[in-house]
Amino acid sequence: MIHFSPMCIGCTLLGVASVATIVGLWTVQLLPSTDPPAEPWDQYRLPDALVPDHYNISLWPRLQPNIDGLFVFTGKSSVVFKCTRETDLILIHSNKLNLTSEDGCLAKLSTLGNTAPPLIQKTWMQKTTQYLVIQLKGKLSVGEYYVIYSEFVGELADDLAGFYRSEYYENGEKKITATSQMHPTHARKTFPCFDEPAMRAVFYITLIHARGTVALSNGMEIEKVDTILDGQAVTVTTFEPTKKMSSYLLALVVSGDYTNITSANDTLIRIWARDKAIADGHGDYALNKTGPILKFFERYYNVPYPLSKSDQIALPDFYFGAMENWGLVTYRETNLLYDPLISSNANKERIATIIAHELAHMWFGNLVTLRWWNEVWLNEGFASYVSYLGADFAEPSWNVKDLIILKDVHRVFAVDALASSHPLSSKEEDIIKPEQISEQFDAISYSKGASVLRMLSDFLTEPVFVQGLNTYLTRFAYQNTIGEDLWDLLQSAVDKTGLVLPLSVEGIMDRWVLQMGFPVITVDTGTGQVSQEHFLLDPESRVERPSPFNYEWIVPINWMKVGAEQSRIWLLVKTAFYSEMKMAGNEWVLVNLNVTGYYRVNYDHMNWERLLSQLNENHEVIPVINRAQIVDDAFNLARAKIVPVTLALRSTKYLFQEKEYMPWESALNNLDYFNLMFTQTDVYGLLQNYLRKQVIPLFAHFKNITEDWSHVPPGHTDQYNQVNAIRIACSTGVQDCQSLTSGWYSQWMDKPEHNPIHPNLRSTAYCCAIAAGGTKEWDFGWQMFKDATIAIEADKLMSALACTKNRVLLERYLGYTLDASKIRKQDATSVIVYIANNPDGQILAWDFVRKNWEYMFTEYGVGSFNFASLINGITKTFSSESQLKQLLEFQSDHSEMGFGSATAALQQAIETTKANIKWVSENQREITDWLVAETA
Ligand SMILES: *[C@@H]1O[C@H](CO)[C@@H](O)[C@H](O)[C@H]1NC(C)=O
Ligand SMILES: *[C@@H]1O[C@H](CO)[C@@H](O)[C@H](O)[C@H]1NC(C)=O
Ligand SMILES: [Zn+2]
């Protein structure tokens with residue numbers, strides 16, 4: 001094993017002592033029992049001896065391959081840093097760069113002062129920790145500024161990390177753009193740097209690029225000089241220096257065919273995309289909304305936008321949804337470009353909220369940055385929460401703020417109710433490796449983070465919350481913080497206003513941040529008793545992770561009584577009595593008003609009955625968010641065996657009178673689980689009958705308000721619910737619905753160049769028409785799929801083709817997944833899973849995968865199929881003994897070859913199937929009886 005690459009011999013004569021040290025090191029490492037004291041370069045965190053001040057970086061990406069067929073970039077970089085603690089060792093991040101060696105050294109050291117710098121003893125690359133290590137013969141002096149200069153070549157790979165290459169085709173012609181993704185730890189793949197968020201510096205960027213191409217970076221272009229370099233006609237573009245910022249926020253773009261549209265009020269706003277997309281007007285929506293969203297955040301934070309311009313660019317090839325590089329935000333195309341002819345209102349909402357999320361980071365995250373990645377949740381949770389506020393300002397008619405309940409709160413409840421969940425915040429020393437850092441970006445960080453910050457803003461009230469926020473952003477501008485700093489300044493804002501809290505802000509928030517999960521609050525309206533308990537979806541699961549607070553929370557409880565009286569109480573202990581929770585006569589109480597609190601609610605039997613009666617008599621007395629909550633809580637409490645499953649079903653009985661999207665969506669999400677469990681049983685038919693009965697009035701309502709489907713309803717969420725109405729009506733066999741969608745589809749078949757179906761309704765209408773149709777409809781859909789030039793449209797057809805009930809067509813489609821000329825390898829897994837989710841395709845898909853497993857596994861290999869999602873997608877409906885038997889046989893049949901990345905998924909599938917069998921056996925009788933009575 002070679003510990004480091006050959007040391008430089010030219011710059012220093014390696015003394016005998018050094019050799020001895022190296023030998024000594026090796027010997028120590030060979031000792032079996034004790035680990036050697038790790039060298040500084042084996043530690044993933046930088047020592048605190050050196051602090052960067054600024055970088056001068058010049059990069060030249062080549063958009064043509066070199067003679068070896070490789071795409072590369074060349075670069076020169078110097079970093080000026082200050083020594084704050086005496087040291088003879090320089091560690092600076094560098095990964096996968098080929099640093100030019102001069103005199104045997106990988107970098108040069110100089111000083112800004114008059115004294116000569118110490119000589120370099122040796123330099124080497126430390127691969128695992130991604131350092132360039134520079135060992136010195138003498139010491140750097142405290143207070144002095146030094147410069148490291150290096151020249152290097154890096155690969156402009158298509159790996160979506162660091163400075164990388166994005167390829168796409170337009171009119172059959174291959175185009176190449178150089179772009180970047182530095183976050184979280186890829187700046188070191190572009191130039192040597194102190195690549196930690198707290199190592200802020202000013203970046204002076206220069207890009208060298210072919211004449212006529214566009215070059216962009218965080219700062220504004222301030223100079224462009226045409227020249228000849230290496231015999232090539234190039235432009236050298238210099239950018240305005242950045243603010244003092246973290247390396248992960250740097251961005252670089254060079255492209256041959258990008259253009260922009262611009263607007264300027266106070267801040268110059270530019271939207272960049274492929275020439276054609278801009279010419280077709282697909283950037284207009286983003287341009288129109290960016291100004292208002294920036295204005296909103298300037299007012300919300302009460303801090304002006306810190307930069308001279310705001311660029312946003314749409315990239316065809318981008319791993320994340322979007323990235324908040326300071327001043328040059330990068331997006332996946334579908335998250336920035338809006339095509340009114342093709343995009344649905346859901347696409348539009350996504351664009352508005354993602355722009356708001358990224359622009360929120362321009363202050364929270366970029367101007368003030370968390371010190372380390374263990375608090376990713378605060379950065380991401382915050383941006384996710386306020387993205388709803390920014391989008392609401394840009395689109396006030398949408399009521400988009402309410403949707404956080406479905407998209408974040410309910411979504412993350414499902415994950416956070418498992419014994420395997422984890423707390424929001426981790427210890428700094430537990431998150432050190434790049435892969436540990438990447439793991440922090442999960443649903444808990446984003447969605448639970450957003451949920452608990454929304455709760456905090458609610459109990460502080462918004463004026464106090466934004467006051468604290470403003471002090472935080474002002475006091476720590478251009479600096480790094482820890483979460484406690486925010487709590488402290490929110491506390492100061494609380495103290496100033498005289499708001500009374502039961503504990504400090506930090507004391508309350510620690511309960512939600514440092515322990516995983518959330519409580520179910522149980523209210524007994526007979527006695528006034530209110531209690532809390534850690535909510536676990538599986539009551540038999542065992543919680544192994546200890547909690548510093550014993551799984552108890554400080555819970556703000558907003559409640560409302562019949563007659564609309566509202567107030568708040570705090571639950572500070574496990575159980576307490578409140579006279580206001582005692583109900584008399586027909587009174588009911590509704591707890592967790594508008595679901596501002598991050599918890600579920602259960603009631604005594606009588607209060608449940610009164611709430612259900614209220615829903616049936618006049619549901620509008622209960623706020624729409626809480627109608628969605630009652631359904632979601634009831635189903636989840638039933639899963640956890642806290643309430644009978646019939647209570648959950650009864651919470652959906654009033655739906656035949658409900659027109660609003662949120663309660664419907666909540667019910668359909670939950671009933672989907674029932675559908676999945678009972679696909680191959682008699683219950684399935686009963687459920688379909690029940691749903692049909694419930695949805696018919698909704699379908700009629702939309703037919704009426706759209707004047708026989710001649711337009712879509714004006715309301716944003718009404719548009720969503722229209723899709724639900726059509727989807728459920730068609731899939732449960734409502735004749736009117738089937739003729740409607742089949743009619744649209746056949747009009748389209750008659751005139752393929754003119755699609756009469758509204759973009760909102762396409763996914764659903766295609767699926768319904770293909771399900772009701774035969775070979776002719778399917779073949780047409782296939783042709784349209786092959787001809788589609790826009791990815792969103794192709795995706796809709798790809799999933800709709802899996803909706804057919806025709807066995808021959810389903811088998812044909814399954815076969816196509818093994819033919820890359822028909823279904824691209826990257827889509828094969830999705831197609832098989834779509835087919836498995838069709839009740840008529842479930843068995844076929846499973847048979848197909850079993851039959852072809854060896855071929856898929858060996859011929860196609862890892863990377864083409866996502867075997868874990870494949871196993872998970874196919875088996876999630878398994879709920880019978882025979883399916884379990886097949887699964888176990890499958891496991892033993894292929895045990896020799898193994899299951900690669902799907903090993904854990906297969907084990908999980910076996911566990912889940914067992915749990916499903918148990919759930920079905922415990923509930924089937926009760927559910928059947930209830931459905932029979934309801935649909936009789
Ligand atoms: C609850 O949400 C609705 C809809 O967003 C809103 O109109 C209402 O004011 C909210 N109620 C409270 C008490 O916050
Ligand atoms: C149909 O809509 C109109 C208003 O557009 C309304 O007055 C009428 O009550 C609706 N009819 C039904 C059956 O929903
Ligand atoms: Zn973010």
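Every residue, even glycine, has its Cβ placed from backbone N, Cα and C.
Curation plays no part in TrEMBL annotations; they are all automatic predictions.
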Identity of the Zn(2+)-site residue among E333, E375, E380 (reference: H357, H361, source: TrEMBL): E380
Inter-residue C-alpha distance, H357 (Zn(2+) binding site) and Y446 (site 'Transition state stabilizer') (nearest angstrom): 11
Predicted model, mean pLDDT over the domain 'Aminopeptidase N-like N-terminal' (51-249): 96
Spatial neighbours of Y446 (site 'Transition state stabilizer') among the recorded positions E358, H361, E380 [C-alpha, 10 Å]: E380
Count of other CB atoms lying within 10 Å of the CB belonging to E358 (active site, proton acceptor): 28
Close in space, distant in sequence - H361 (Zn(2+) binding site), Cβ under 8 Å, 6 or more apart: E324, N379, A383
C-alpha spacing of E380 (Zn(2+) binding site) relative to E358 (active site, proton acceptor), in angstrom: 10
Those recorded positions in E358, E380, Y446 whose CB falls under 6 A of ligand 3, listed in sequence order: E380
Environment of H357, H361, E380, the listed Zn(2+) site - residues of the same chain whose CB lies within 8 A of the CB centroid: E324, E358, A360, F364, G365, N379, F382, A383, S384, S387
For E380 (Zn(2+) binding site), nearby residues of its own chain (Cβ under 8 Å, 6 or more apart in sequence): F441, S445, Y446, G449
Secondary structure of H357 (Zn(2+) binding site) (DSSP, helix/strand/coil): helix
Fewest Cβ neighbours within 10 Å, where candidates are the recorded positions H357, Y446: Y446
